[in-house]
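Beneath this line is the structure, given in structure tokens, with notes to follow.
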């Protein structure tokens with residue numbers, strides 16, 4: 001008995017529409033066929049690659065081709081764009097340096113950090129819309145080249161107002177770099193998706209570590225201008241390699257470009273040495289892509305609002321901890337901050353302190369915490385799910401923040417900051433896995449872009465908590481961060497959709513997860529177009 005499913009544009013009877021499956025008895029064929037089981041992550045054998053369907057979707061092709069050489073290359077190239085963490089980490093190094101060199105008051109130092117996040121906040125949704133309308137590759141290339149250009153120019157800024165404008169423009173470009181996750185996720189098979197997106201986050205951690213090491217070498221000799229210029233190196237490498245990047249096959253199918261999508265899938269199959277599914281690629285063209293209203297349909301409204309708060313809390317806490325780390329290390333411990341602040345005010349409002357070698361060393365140790373953060377998240381995200389992983393990360397960060405209330409020594413302080421940063425960065429990484437999975441292809445880039453924009457709102461506010469409020473009360477500052485993360489943990493638990501083990505949805509016109517239910521679930525009269 002051969003079991004098969006009718007798909008595509010062929011006509012069906014009413015009975016066909018119910019199950020979509022047929023049985024045909026073939027004489028002379030042994031009916032007792034043994035099932036074939038595949039191991040975890042094993043590729044589908046060529047003789048079993050979609051043997052009976054006359055059509056296939058991009059999801060089918062990505063799953064059949066599996067993970068291979070193509071995805072490894074893609075990981076490295078998109079990872080270079082993701083190493084723009086250097087442009088973020090430089091803020092905690094540049095601020096005290098310019099405070100001393102240009103005699104800047106504290107509000108101008110805080111503004112220098114905030115203007116970068118203003119640029120990111122104002123552009124994240126725009127880059128998402130561009131990526132949904134004109135392609136993921138187009139949006140990513142333009143944003144990276146923009147960031148590279150203004151990042152290098154900021155190294156030549158003669159006065160404060162110039163560097164303020166140029167760093168704001170750098171922030172505008174950085175707002176589009178998260179679209180590398182959208183492009184990357186759309187080429188990954190389901191079983192490998194979470195692990196691979198988390199592993200690409202390693203480039204973020206590598207970028208932060210490299211920035212601290214670069215600062216140790218460059219700052220004492222060449223100064224902050226060369227640090228700004230050399231920090232653009234990963235983006236320069238990406239600009240040279242981006243010609244290799246293909247456009248997302250999912251985007252091409254949704255925009256009606258069947259031939260280009262098929263050519264991309266064949267290229268991946270060739271590089272991976274895997275078979276293409278048999279049959280014709282199904283086109284599900286959708287003109288109204290990247291529309292904000294699609295994020296607030298009944299299926300996604302609650303998810304969108306909760307994700308916005310989760311992303312806000314992630315960035316608010318993550319960048320707050322980065323800025324607090326510098327302040328706490330310079331003070332010695334929490335209990336010393338208040339007295340230290342009073343002494344500084346008594347001396348002069350413009351008194352400054354350069355970062356010492358010990359500060360750089362401790363900054364490096366806390367930065368290295370992002371690697372165990374990746375490993376912990378990697379271990380638990382496919383075991384307990386995306387929602388619980390985010391909730392756990394927020395709870396651990398909140399607990400560590402409360403422990404800072406105690407008068408502890410520098411060593412214990414470093415350990416607590418290490419753990420807190422590991423888990424809040426892990427929560428951020430889990431959000432980057434969950435968000436592209438939960439939205440359909442038609443609004444995936446926009447959904448990620450708006451979430452990224454909300455994150456920048458949190459990052460914009462956090463300097464005034466971690467630097468300005470800290471002058472008034474260190475305990476109130478810690479309560480704000482701890483309370484915010486407790487609420488974010490609750491928001492993670494209330495998310496209505498768990499994406500663990502689910503395929504990526506293609507069109508926003510279909511029910512969520514319909515692709516995983518099967519194409520036989522279409523109504524009898526429904527067209528595949």
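The backbone N, Cα and C atoms fix where each Cβ goes, glycine too.
Feature annotations, courtesy of TrEMBL:
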| type | residues | note |
| --- | --- | --- |
| DOMAIN | 73-500 | domain 'Major facilitator superfamily (MFS) profile' |
| REGION | 1-23 | region 'Disordered' |
| REGION | 506-529 | region 'Disordered' |
| TRANSMEM | 74-95 | transmembrane segment |
| TRANSMEM | 107-130 | transmembrane segment |
| TRANSMEM | 142-163 | transmembrane segment |
| TRANSMEM | 197-218 | transmembrane segment |
| TRANSMEM | 224-245 | transmembrane segment |
| TRANSMEM | 299-319 | transmembrane segment |
| TRANSMEM | 389-406 | transmembrane segment |
| TRANSMEM | 412-434 | transmembrane segment |
| TRANSMEM | 446-466 | transmembrane segment |
| TRANSMEM | 478-497 | transmembrane segment |
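Listed as Cβ neighbours of the transmembrane segment (478-497) (distance under 8 Å, sequence separation of 6 or more from its ends, same chain) are residues 302-303, 306-307, 309-310, 313-314, 316-317, 320-321, 334, 387-388, 390-392, 394-395, 397-398, 401-402, 404-405, 424, 427, 434, 438, 465, 469, 512. Most Cβ pairs under 8 Å to the transmembrane segment (74-95), among the stretches 107-130, 142-163, 224-245, 299-319, belong to 224-245. With a threshold of 8 Å between CB atoms, the same-chain residues lying at least 6 positions outside the transmembrane segment (412-434) that come near it are 178, 181, 193-194, 197-198, 201, 205, 307, 310-311, 314-315, 317-318, 321-322, 324-325, 328-329, 333-334, 362, 365-370, 372-374, 376-377, 381, 386-387, 389-390, 392-394, 396-397, 400-401, 403-404, 451, 485, 488, 495, 499.
Touching of the transmembrane segment (299-319) and the transmembrane segment (446-466) is concluded from the presence of at least three CB pairs under 8 A, sequence neighbours closer than 6 excluded.
Across the residues of the domain 'Major facilitator superfamily (MFS) profile' (73-500), the predicted structure has a mean pLDDT of 80. Where the transmembrane segment (107-130) meets the stretches 142-163, 197-218, 224-245, 389-406, 446-466, the count of C-beta pairs under 8 angstroms peaks at 446-466. Here the transmembrane segment (142-163) has Cβ contacts under 8 Å with residues 81, 84, 87, 98, 102, 104, 108, 112, 123, 127, 130, 169-170, 172-177, 179, 225-229, 231-232, 235-236, 238-239, 242 of the same chain, all six or more residues outside its ends.
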